[in-house]
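Asker: Structure provided below as C-alpha cells; questions to follow.
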Amino acid sequence: MSRGAGALQRRTTTYLISLTLVKLESVPPPPPSPSAAAAGAPGARGSEPRDPGSPRGSEEPGKKRHERLFHRQDALWISTSSAGTGGAEPPALSPAPASPARPVSPAPGRRLSLWAAPPGPPLSGGLSPDSKPGGAPSSSRRPLLSSPSWGGPEPEGRTGGGVPGSSSPHPGTGSRRLKVAPPPPAPKPFKTVTTSGAKAGGGKGAGSRLSWPESEGKPRVKGSKSTAGTGASAAAAGGGGSAAVTTSGGVGAGAGTRGKLSPRKGKSKTLDNSDLHPGPSAGSPPLTVPAIPVPATSVTATSTQPLGPAPPITLEPPAPGLKRGREGGRASTRDRKMLKFISGIFTKSTGGPPGPGPLPGPQGLSSSSGSRELLGAELRTSPKAVVNSQEWTLSRSIPELRLGVLGDVRSGKSSLIHRFLTGSYQVLEKIESEQYKKEMLVDGQTHLVLIREEAGAPDAKFSGWADAVIFVFSLEDESSFQAVSRLHGQLSSLRGEGRGGLALALVGTQDRISASSPRVVGDARARALCTDMKRCSYYETCATYGLNVDRVFQEVAQKVVTLRKQQQLLAACKSLPSSPSHSAASTPVAGQASNGGHTSDYSSSLPSSPNVGHRELRAEAAAVAGLSTPGSLHRAAKRRTSLFANRRGSDAEKRSLDSRGETTGSGRAIPIKQSFLLKRSGNSLNKEWKKKYVTLSSNGFLLYHPSINDYIHSTHGKEMDLLRTTVKVPGKRPPRAISAFGPSASINGLVKDMSTVQMGEGPEASTPMPSPSPSPSSLQLPTDQTSKHLLKPDRNLARALSTDCTPSGDLSPLSREPPPSPMVKKQRRKKLSTPSKTEGSAVQAEAKRKMWKLKSFGSLRNIYKAEENFEFLIVSSTGQTWHFEAASFEERDAWVQAIESQILASLQCCESSKVKLRTDSQSEAVAIQAIRNAKGNSTCVDCGAPNPTWASLNLGALICIECSGIHRNLGTHLSRVRSLDLDDWPRELTLVLTAIGNDTANRVWESDTRGRAKPTRDSSREERESWIRAKYEQLLFLAPLGTTEEPLGRQLWAAVEAQDVAAVLLLLAHARHGPLDTSVEDPQLRSPLHLAAELAHVVITQLLLWYGADVAARDAQGRTALFYARQAGSQLCADILLQHGCPGEGGSTATTPSAATTPSITATPSPRRRSSAASLGRVDTTIALV
C-alpha cells in the first residue's frame, strides 16, 4: 500500500488508478449462544432459490429473499483532486477505538476516498456517501465485504436483502471478473474500479479487519472456531497531507461457530483466495503497518473517525475459523488465473518517472512468511512508442553509449529511430523530445545505447551529455536540410572548438521521396555539408525498407567506442618521455650477434605508463608479455645505415605512408601489441638487422618506427596492411597444412637415426639422446623406386615433426636451417637433391650437408649459434617479405599469434559477397519501387497489362513481358529494353524512368490514335506488333508541335533551359524525321547538351545523349559539356558524359570529325562507374539491350 501511495504524483492532469485487494471482515454482533448462531445460520441459507437472471433493483428493501449472492468486493471509488501541500509529512496511522461516526469535512488538496457503492444515487455533502448530517450512517449502505464472503456467520436481519445493481450476473458459476462501474457525480473527477463475483449477503455496518494473505496453503480442518478479537477502527485526517485508515479487528467475544458451509466445494469467494489460505498460528505476532507517507490522501473504510494523530496500525492475525475454505477445498483454476493476473499488475509495475513529489514509502507490508507487494505502480499517462524507463537513471554494469538525434520535424528522424528500435516502419512526426534505449554489440561487448531525440535546438545539457550526434534531414525537404546546418552551428557554439571526441553523422532520409515530392537536396550538397562538419560521415537511409538504418547506428556506436579508446590512449601517452630512457639499472642480458661477433651488453628500459594503459584498454593476457620491452636485442658492433631510403617501393609510396602520420596522431588506432624487434627486409640489398619499435594496431595495420619517440610523434614510420598478408615461422609448417604423404616421415629411419644427435653449446659437442622408436608400420621400406622421389618431401616433413615433438621446446638440429629467403631455398634444394640422388641414403645426404655447413661457418658451435634465432616472416600477396626477430621463443610465439588473430579479424571485417548482395538488393528494391510509383506505371504502356516488369529506357515507360519482345526487335535506337528484376539499376536510369513514366510517354507517343483501337492484355502478338511499330517506328500517333515557327533547335534550347522533360522528349521524337539543327544564337556557341550539363539535369543530359547529341561538341572557348558538369558539381552528369566518350575539357578547340564517335582520353581522369550502365550508353553501339 505504501508503494501505491508513494507513486501518486502531484499533477493536476494525471489520474492514478491503483487496484488494491483489501479484505475487510465484518464483525457480526455477538449471538446469544453458539447454539442459536448455529441454528440460525442454516435457516438463512437453506431454501433460497438461485435465479441469476432476476433483477434485484425491483425488490423491496424489507422483503426477505431465499437467495445467496456472490460478491468478491464492492465498488471502490477512487477520487483524486488537485495537489496538496507539498512537503508535509502525514501523521502516523494508529488504531482508534470504535466510536460513532461523524462527518468529516473534506480536507483541502488531493485525497483518496474508498467507500462502498451505495444502492442508489451517491450522497453528497461529506467525505463518505453514508455519512449524514446527523452523523449516523445510512441504513441502506452495506459493508464492502460481508462476512459470508469467506465463510463467516450470516448477519441477522439482512438474509434476503440485497443491494440493487451490485450482484453478479451469474452468481452460481463462481466466476471472478473485473468491471468498471459508472462513478457517482462528484465535484472532482475520479475513476471507479469494481470487482464482483463473491457471495455476499446483506449485513449491517460493522467493524472490519484488514487481512493480507501471503500465500496459498492447505485448507484448515472443519470445525475450527473463530478466535475472538478486539474490534478497533482507525482514522486520521489533516489538512494537506492527511491519511486515515479505518479498521476493525476480530469478531466479538463469544462468537459462535460457523454456519453451514456452501455445497460448492473448493471454491474461493475472494479475489485473493484468502478463504483457502491457512491462517497463521495463534501465537503469531500482530502485523504492524508503518506510517505511509501519502501526500494529501484520506482513506475511509467503514466509518469515519475524529481527526487526530495516527500511529502505525497493528493488525492481528486473523482467526483460523475465518481463514479456512469451504469444505477444505482448494481454489479453482479460474481463481488462480485471476489471482495471477491481478498479482502480475502489481509485480511488473515499477515506480514512475522522476518528478516532484514525496519519496515512496515502504515496499509493502511484511508478515512472518515474507513481504509482498500489495499495490500496483503508476500507470503511464502518455505511453511512448518504445518503452523508456529507469535505464536513464540507474547505474548499469555494461557501458553506455549516448546518442543524440537532431533534425527538423519533417526530417524523418522519428521514423528512423522507430525502424532501428522495432524493425518496422511507421510515419512519425514527433514534436516532443523522446528518450529510448537498446542494447547493441560493439567490438564484441554489449553496450546500452541511450538515444535522445531532441525536438528543438540543442542546449548546453544536451551538448555535454551526448557522445555522438546524428543530424537527420529529408532529401525532399529543403527546410530540413537548412535546419541541419543551423543545428550544427548551435551545437558547435555550445560545445566549443576545444572539446573533441564527438562522433558526428549526417543522414538523409528517402522516406518521403515520390513522384509528387521529388528529391531536392543533391548528393553533392549533402556531402559538402558533411565535409564542413569535420569528422562526419554521410548516409542515405530509407526507413520504409530499412536501407542503411542499422548501419548508421552501428557505425556511429563503433566510432564512439573508438574515440573513447583513443582518448584513453592519448592520456596514457602524455605521460611518456620524449625519448626512450636507457638506464644501467636494468638487468643486462648477454646477446649474441647473428654474424658471430662478440657478445655485447645492452640494456633498455621503457616507462611503464603505456604498458599499463594498454593492458587496461585491451585486457588481453596474451598481449601483456608483448607490451614489455625485450631484455636484450641483437646488435652488431658496427652498423651502417642503408643507402636506400625506401626499400619497399617508390618515393611516392614512402611519402604516402609517411603522410599518414596526420591520421595516426591523436586519432590513431589502439595498439594491441608493441615492443622492440629486430627487422630486416627480405627484398632489399641490405640484409642487416635493425632495431625497430613495432606496434600491432586494432585496425589491422602493423607499424614500425626507428624509435619510440618517432612512434609517439608519428614520424618516420611505415605500416603494412595485414589484410593481404600471412605470417610464417622458419622451419615450421602452418598448423593446418597436413602433408598428403601421411605418417611416412620415418621412411629409411630418418627420424630415428637423425634425432639421436643433439648438438650442444658446451665443451661436449654432441650428446646421444634417446628418441622414441617409431611404430613398425612406419619403418616399412617401399618396394619400388618411388621412395627416391618421396625422400625429399619426407625429410622436410621429418624436420617439421621433429621440431614440433621436441620436449624442451627448443628447435631440434633438423630444423636449424638458414633463413628461408627465396634464393636460399633454391640453393638448399639443389644441394639437398644432389647427394640424395647420387647416394640414395638420407643419412649420407644429411652428413654431407653438415660437412658443407662446417666448411662455411668454421665450427659446429657457430652453426648452432647462427641458426638459433627467434624470427618470423610476414609475406604479402605481392611477394614482399618482412623479417622480424624477437628476443625469445615466447615473445615470438606471442607476436605470431597476435598477428594471425588480427589477420583473421581483418578478413572477417571485409564485406562478404552475401552482405554486398543484400545491400545492393535493398538499394535496387528502393529504386524499383520508386519507378513503380511513377504516374501510370502500374500498367503496360502499350497494352494495359497490370504490373509490368520490363522497361524501355529511352521511352521512359514500363512494358509487359509480351510487349518487351517486340520492343527488342525495334532496335536500341528506338527502344532500349531492360528488366526490372534481372538487371542492375544505377541512379541515372532510375531518375529517367521516375521523371517520365507511362502517363507522360503516352501523352507524347500516343496523343492522337486516329480512331485506331489500342491492343489489350488479351491481344495477339500480331496486333501488339502492329500497334507498337505504328506508335514508335512510324510515329503515327505522335503529339504535334505547337504553332510556333521557331526551329527545333531553338525550341529544344528553350525546353532544356526550362527543364521541361516532356517537351524535350517530344522535340527529340520529332527530330527523328530529319537532322536536328541545334544552332542557337548563343554568344558562347553552347549546345543544349552544354546547357543541360551546366544545369546539372541528369535526365535531360541522358536523353540528349540517347537521341544522338554530339558528346564532343565544344563551345567558343573549346570546352566540352564535361567542363560544365564538373563546374556545376554534378558527378552523375560527368559520369554519363564519360560513359559516352566525352573528351576532357583541356583538349584543343578544333574538333575532329571522328570526335563524336571515338572516345578520347580525358585530361582530368575521373573514376569509372561500377554499374553496368557504361555498356549501354554509347551512341554507336549496335548491341540490343536484353
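From the backbone N, Cα and C atoms, a Cβ is placed for every residue, glycine too.
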Asker: Report which of Ser233, Ser802, Ser877 appears in Swiss-Prot with the annotation phosphoserine.
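Answerer: Record lookup in Swiss-Prot returns phosphoserine for Ser802.
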Asker: Which residue among Ser397, Ser632, Ser923 does Swiss-Prot mark as phosphoserine?
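Answerer: In Swiss-Prot, Ser632 carries the phosphoserine label; others show none in the record.
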Asker: Which residue from Ser149, Ser303, Ser395 is recorded in Swiss-Prot as phosphoserine?
Answerer: Ser149
Asker: Where does Swiss-Prot put phosphoserine, among Ser298, Ser516, Ser744?
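Answerer: My reading of Swiss-Prot gives Ser744.
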Asker: Between Ser575, Ser746, Ser856, Ser912, which does Swiss-Prot record as phosphoserine?
Answerer: Ser746
Asker: Same-chain residues six or more away whose CB lies under 8 A from the CB of Gly407 (GTP binding site)?
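Answerer: The answer is Lys413, Phe471, Val472, Phe473, Ser480, Ala483, Val484, Leu487.
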Asker: Expressed to the nearest Å, what is the distance separating Arg452 (GTP binding site) and Ser979 (phosphoserine) at their Cα atoms?
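Answerer: It is 43 Å, counting Cα to Cα.
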Asker: Give the three-state DSSP assignment (helix, strand or coil) for Ala455 (GTP binding site).
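Answerer: Assignment for Ala455 (GTP binding site) reads coil.
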Asker: Please report the three-state DSSP label of Asp511 (GTP binding site).
Answerer: coil
Asker: Please give me the CB contact count at 10 A for Ser979 (phosphoserine), counting all chains in the structure.
Answerer: 15
Asker: Counting only residues 6+ away in sequence within the same chain, which have a CB under 8 Å from the CB of Asp511 (GTP binding site)?
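Answerer: Correct list: Gly412, Ser415, Tyr425, Val427, Ser474, Cys542, Ala543, Thr544.
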Asker: In the repeat 'ANK 1' (1084-1113), how many residues does DSSP put in helix, strand and coil?
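Answerer: Its residues fall into 16 helix, 0 strand, 14 coil.
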Asker: Arg410, Lys413, Arg452: which of these binding-site residues has the sparsest Cβ neighbourhood within 10 Å?
Answerer: Arg410
Asker: Quick check on the repeat 'ANK 2' (1117-1146): DSSP residue counts for helix, strand, coil, in that order please.
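Answerer: Its residues fall into 17 helix, 0 strand, 13 coil.
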